[in-house]
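*Asks:* Below are the features listed in TrEMBL for this protein:
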- His208: active site, proton acceptor (ACT_SITE)
- Cys216, Cys219, Cys240, Cys243: Zn(2+) binding site (BINDING)
- 78-340: domain 'Deacetylase sirtuin-type' (DOMAIN)
Amino acid sequence: MLYYKPSILNVCRCCFTAKFLSRRGLSTTQNLSRTNLPHQKILTHFPHAQKNAAFLSQFIYCPTACGGTRGLFGGSRDNVHQQTLEDIAENIRERKFKRVVVMAGAGISTPSGIPDFRSPGSGLYDNLQQYNLPYAEAIFEINYFRHNPNPFFALAKELYPGNYQPNLTHYFIRLLHDKGQLLRMYTQNIDGLERMAGIPPNMLVEAHGTFATATCTVCRRDYKGEELRKDVMEGKIPKCSTCKGVIKPDIVFFGEELPQPFFSYLRDFPIADLLIVMGTSLEVEPFASLAGAVRGSVSRLLINRDLVGPFSWASRHTDVAELGDVVSGVKKLVELLGWKQELETLMKAGGDEASINMEE
Ligand SMILES: [Zn+2]
């Protein structure tokens, strides 16, 4: 069982725990050892704790007092129904969930063959080595870009829309949209596969930007991504036709402001009735915190390789984690939904469309 470290209660006002500790006659250090492992029951009582890792590290763990199964706040969850993937599928199928928010990360793109440019051994990483980047992240730093845009455009050439095809996970979200049950998809990916799968741009929040549009770094003139394609593919730095400044695709660099649509989360998350989190480690802020932005009673489904974010440290009985390969997880959900046939039709049409586009 975890207790809140009383020495900082003054600032946190979590007096409930302070009273508890004094009632038990526990001193702050006696029999207590520190840990960063949070306790779900405590967290549900301190909602603000869910957002703040520093806050979490202030918990202390008591190895002697936790013997029983009862939590700090009494009672157990034995009589609470733990939601399952089947429950979620049923609620989607019966249209009880009509405002689904999806959050996705790189894990939904890797099945399309998108390389992780940070992984040594991936062709892209090796490609970038020739530019002598001081560190991998420099490629997304605006100051470095001004000094040397070549590595970024090498990455752009690799990721430019059209090089890769969306996979089953993208089409599943498209199908959710076609059925009128998608409220919004928040993606960390910059590969544009969501758009290629036919998810309309207004249903998308591309939190880390997009190659679909671009802006002159000098005069701020807007460009379409397609206008840059030829230069990018030929390995040239695209220049503004007005001022000859470098045109930068609208990918969000470190230190740059998030795109305006990102802030629609303020509207979307409070009215969402289901949150699906797919293929993300939920490590990059502020994206990661969004997972905690839905109402407490809202079902959250994680389809991911690992248990991450609030699913691991502030899980609710309405949370479902489908761990393992992301595509297999989505397939399982699709089968429970009975949407297999429709998804296959959609993917086939999408594939045909994509191959036509490529032939043009
Ligand atoms: Zn310009």
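Glycine is no exception: its Cβ is also placed from the backbone N, Cα and C atoms.
Those TrEMBL annotations? Automatic predictions, nothing curated.
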*Asks:* Which residues, in sequence order, are found in the same chain with Cβ within 8 Å of the centroid defined by the Cβ atoms of Cys216, Cys219, Cys240, Cys243 at the Zn(2+) site, excluding those residues themselves?
*Replies:* Thr217, Val218, Arg220, Arg221, Ser241, Thr242, Lys244, Gly245, Ile247
*Asks:* What whole-number Å value do you get for the CA-CA distance of Cys216 (Zn(2+) binding site) and His208 (active site, proton acceptor)?
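*Replies:* Checking the Cα atoms of Cys216 (Zn(2+) binding site) and His208 (active site, proton acceptor) gives a distance of 18 Å.
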*Asks:* Looking only at the domain 'Deacetylase sirtuin-type' (78-340), report the model's average pLDDT.
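*Replies:* Result for the domain 'Deacetylase sirtuin-type' (78-340): average pLDDT 91.
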*Asks:* If I take the alpha carbons of His208 (active site, proton acceptor) and Cys219 (Zn(2+) binding site), what is the distance between them in whole Å?
*Replies:* 22
*Asks:* On a simple 10 Å Cβ count over all chains shown, which one of the binding-site residues Cys219, Cys240 is most densely packed?
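*Replies:* Top count of Cβ atoms within 10 Å goes to Cys240.
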*Asks:* By Cβ count within 10 Å, point out the most packed of the binding-site residues listed: Cys216, Cys243.
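*Replies:* When each Cβ's neighbours within 10 Å are tallied, Cys216 tops the list.
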*Asks:* For ligand 1, pick out the recorded positions His208, Cys216, Cys240, Cys243 that have a CB under 6 angstroms away from one of its atoms.
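*Replies:* Listed by sequence, the hits are Cys216, Cys240, Cys243.
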*Asks:* Taking the Cβ of the residue listed as 'active site, proton acceptor' as centre, how many other Cβ atoms lie within 10 Å?
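*Replies:* Excluding its own Cβ, the residue listed as 'active site, proton acceptor' sees 19 Cβ atoms within 10 Å.
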*Asks:* What does DSSP assign Cys240 (Zn(2+) binding site), in three states?
*Replies:* coil
